[in-house]
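Feature annotations, courtesy of TrEMBL:
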DOMAIN    5-87  domain 'Phosphagen kinase N-terminal'
DOMAIN    115-352  domain 'Phosphagen kinase C-terminal'
BINDING   118-122, His181, Arg225, 276-280, 305-310  ATP binding site
Amino acid sequence: NKFAKLEEGFKKLEAATDCKSLLKKYLAKSVFDQLKGKKTSLGATLLDVIQSGVENLDSGVGVYAPDAEAYTLFAPLFDPIIEDYHKGFKQTDKHPNKDFGDVNQFVNVDPDGKFVISTRVRCGRSMEGYPFNPCLTEAQYKEMESEVSSTLSNLEGELKGTYYPLTGMTKDVQQKLIDDHFLFKEGDRFLQAANACRYWPTGRGIYHNDNKTFLVWCNEEDHLRIISMQMGGDLGQVYRRLVSAVNEIEKRVPFSHHDRLGFLTFCPTNLGTTVRASVHIKLPKLAANREKLEEVAGKYSLQVRGTRGEHTEAEGGVYDISNKRRMGLTEFQAVKETQDGILELIKIEKEMQ
């Protein structure tokens, strides 16, 4: 019984005094009572929203959207969480319309190749008319995969490439994709608890172009993760490739978009532009002064992570540095924050003796 499970989950959350998730912070009894009987037209309930955070009390956020409508229907819970996470995006704010801006304003941030090892820009998209992971049927996974793979097979020029379904993937292809750091694994426990990994590996796959500088993940955490990347520091080239790819795909696949929240994805941390522009960068002098590094990064709203992403160490002094803000600014502004911040970090690194 979903109701019993929901009540039980809420009690567990209430009793968890050391839980620091945003779910715990904002799911007051009054909000719970207001939302517990609601259901989206695709059948998603409050239980689908909170189940991951209830099962993993160490979550940072603790909620996922089972479908696009959930953001509206369960707004009394999502809105304050979104405001808290995307600092400064208030409940009265509206995310600006998509604007990739003047793509020629982006440059190679490290023309001498001394600091930046690689550059990557990615965004997430959801296909209109389909729920998100926890509410997808096996048939829908297959249907979406065939729509995505046939759309991608029409791409031309630099974006032309091959789609590799996870289903029936040979060990050789799998190994090749792992070696290129392209292959994603089945979801972590947070995604598992959100029911985001059902029917795995049905409907999941990876597309990449012949140069291995452009890839699309199909039905990993989001319907589509569109990624442009290459070695070195040419952010301009990476960004222009991403923009042309997104524009091409959008001509053929309608995306879920919300007037106030921007592009809709499974996790509320990824709304708005959904854009993350990052570099792997070696800054030995700044690395020795982590406080200074964090201070400069903070000035440009950049996030400093270890080499392999969140909660990892900087291997050989290599950091992953990216824009933090996804909402309340345009795509152009988000990537510009990364560019300005990285240029400044490199300038300081050069000046340090």
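The backbone N, Cα and C atoms fix where each Cβ goes, and this holds for glycine too.
Figure note: comparing Cβ neighbours within 10 Å for the binding-site residues Arg225, Arg305, the maximum is reached by Arg225. Fewest Cβ neighbours within 10 Å among the binding-site residues Ser118, Ser278: this applies to Ser118. Counting residues per DSSP class in helix, strand and coil order gives 48 helix, 2 strand, 33 coil for the domain 'Phosphagen kinase N-terminal' (5-87). For Val121 (ATP binding site), the Cβ neighbour count at a 10 Å cut-off comes to 27, with all displayed protein chains included. For the domain 'Phosphagen kinase C-terminal' (115-352), the model's average pLDDT works out to 93.
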